Amino acid sequence: MPHPDHPSSRSRSPVLADPTLRVLVAVALFTYTAQNMLNVSIAPLSRALDLPEWIVGAAVSLAALAVALLSQFWGRRSIAWGRRRVLLCALFLALVAGALFSTAVWLRAGGGIGAAWAAGAIMAARGPFFGASVAAIPPTGQALVAEVTHDEASRVRGASAFSGAINMSVMIGSVVSSLLGAWWIFAPVHATPWFVVVALVIAWAGVPHDGAGVDQGTPSPGAPSESGATGCGSPSAGAPSESGATRCGSPSAGARAVPLPSRAPRPARPLPPRVSWTDPRIVPWVLGVIGLYFAAGVTQILMGFLIQDRVGAAPDRAVSLTGLMLLLSAAGAMTAQLLVVPRLQWPPRRLLRAGVSVGVAAVAVLTAVSALVALAVAMLFMGVATGLTSTGFTAGASLAVRDDEQGGVAGLVSATGAITWIFAPVSATALYGWQPLAPFALALALVGASCAAAWVHPGLRKPSAPLLDGGS
């Protein structure tokens, strides 16, 4: 295996290099596709099932609350319990959520339950159940990125690639939901549990027990192995290899052995420390991004209203145009994370500053324009801004803490975006009903404050500290 400093390792994405991370990306892709199928469907469903419209905002806010409360819980336990256990627990919970949502829709459509029962089941399924389950995936993935990357450049590439995969799932979920919904309005809801089943099967088959490895064979006595370990006749005979397996004392000691996989789980580690929201190493990064996250939430929640009120589109046409706008935003973020960031090779603070600066311009345009093309371009660049900023935030916060804090900081990073989604839907819709420009003025003020923090905060005016050996 090449050393992290080897040129081939530097040119290869950590997501492509680590098999567990590849599996985790596939799990995220199917799980977030399922979630976004529900996101696209829930508003039309509420009217088709004669449910109160406020359940849409309530479900989204409850889900965001669950993510905010549980992200650090899952992130720390992905280190203590192991990734396999955390992912299987979370995906089983997602399967329960998808099945509950599907069952409630089926019963309500057939007249089996009343509006109150259906609304409660849908809010519970899309809110705390699905929110609690998807809260596990980003911190688990980002903690693994931190584990397999050993310098600033690879940490940025890994964070960007993993986040880009999640944005890709937003696009896929929107497209699949639109196609299924054109056939039957209830089809996306009933398909959601099956996407989760695929993710669960991938996780079950592909995520190893933490600490599982393959013995690379035992060389002749006293001879060093490729990793530098000595054979069974050396003073270190019987010491664990890099994979944690030993082969000394076997009848064939001294001959090259056939690799034997070890699937036994390692004992649970101590629970890693929490990372505080007031930690001075993290505060500058949070301040530099939270305004943009709030602004992104406001623009996504209100885009359907803008299409109708500013562009003058009829409600049926507004649905497809709103979907197109959200697709453009996701495409901008995915392009920034998968194509732009790896080529720029900028450090985290520069990505943060560039992204939030683009975000200020995008929100200003969204505040002022009425033309459909201008709104589309602004949403595309809003996605680019989010992609650049979130990559800089994720990598920068990860680089700011120790190895044993990676699970905690990964959860905090995930919770930062969720917190804005607790308040953005409610405040944006309430302010828009009072004065249509008010939520955009608030969003512009907050993203401007984050931009100022990104450029002038003392904690972001010096480069990231170099990593110690082992990624600490």
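Placed from the backbone N, Cα and C atoms, the Cβ positions cover glycine too.
What TrEMBL says about this one:
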type	residues	note
TRANSMEM	21-42	transmembrane segment
TRANSMEM	54-74	transmembrane segment
TRANSMEM	86-107	transmembrane segment
TRANSMEM	113-137	transmembrane segment
TRANSMEM	158-185	transmembrane segment
TRANSMEM	191-207	transmembrane segment
REGION	213-273	region 'Disordered'
COMPBIAS	227-246	compositional bias 'Low complexity'
COMPBIAS	262-273	compositional bias 'Pro residues'
TRANSMEM	282-307	transmembrane segment
TRANSMEM	319-339	transmembrane segment
TRANSMEM	351-373	transmembrane segment
TRANSMEM	379-401	transmembrane segment
TRANSMEM	408-431	transmembrane segment
TRANSMEM	437-456	transmembrane segment
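Same-chain residues lying 6 or more positions outside the transmembrane segment (86-107) and placing a CB less than 8 Å from one of its CB atoms are 24, 27, 31, 34, 38, 45, 49, 74, 77-78, 113, 117-118, 121-122, 124-126, 129-130, 132-137, 140, 186, 189-190, 192-193, 195-197, 199-200, 203-204, 207. Panel annotation: around the transmembrane segment (351-373), residues 156, 285, 288-289, 291-292, 295-296, 299, 306-307, 310-311, 321, 336, 341, 344, 379, 381-382, 384-393, 395-396, 437, 440-441, 443-444, 447-448, 450-451, 454-455, 460 of the same chain, lying at least six beyond its termini, place a Cβ under 8 Å from a Cβ of the stretch.
Scored by C-beta pairs under 8 angstroms, the transmembrane segment (408-431) has its highest count with 54-74, from the stretches 54-74, 191-207, 379-401. Same-chain residues lying 6 or more positions outside the transmembrane segment (319-339) and placing a CB less than 8 Å from one of its CB atoms are 40, 44, 160-161, 163-164, 167-168, 170-171, 174-175, 178, 296, 299-300, 303-304, 307, 311, 313, 355, 372, 375-376, 379-388, 390-391. Proximity of distant same-chain residues to the transmembrane segment (282-307), defined by a Cβ-Cβ separation under 8 Å and at least 6 residues beyond the stretch ends, is recorded for 43, 275-276, 313, 318-319, 321-322, 325-326, 329, 352-353, 355-356, 359, 363, 366, 372, 375, 379, 382, 385-386, 389-390, 392-393, 396-397, 400-401, 409, 412, 416-417, 419-421, 423-425, 427-429, 432, 436, 439-440, 442-444, 446-451, 453-454, 457-460. A Cβ distance under 8 Å defines the sequence-distant neighbours of the transmembrane segment (21-42), meaning residues of its chain 6+ beyond its ends; these are 14-15, 56, 59-60, 83, 87, 91, 94, 98, 101, 122, 126, 130, 133-134, 137-138, 140-141, 144-145, 148, 158, 161-162, 165-166, 168-170, 172-174, 176-178, 180-181, 185, 188-189, 191-193, 195-196, 198-199, 202-203, 206-207, 323.
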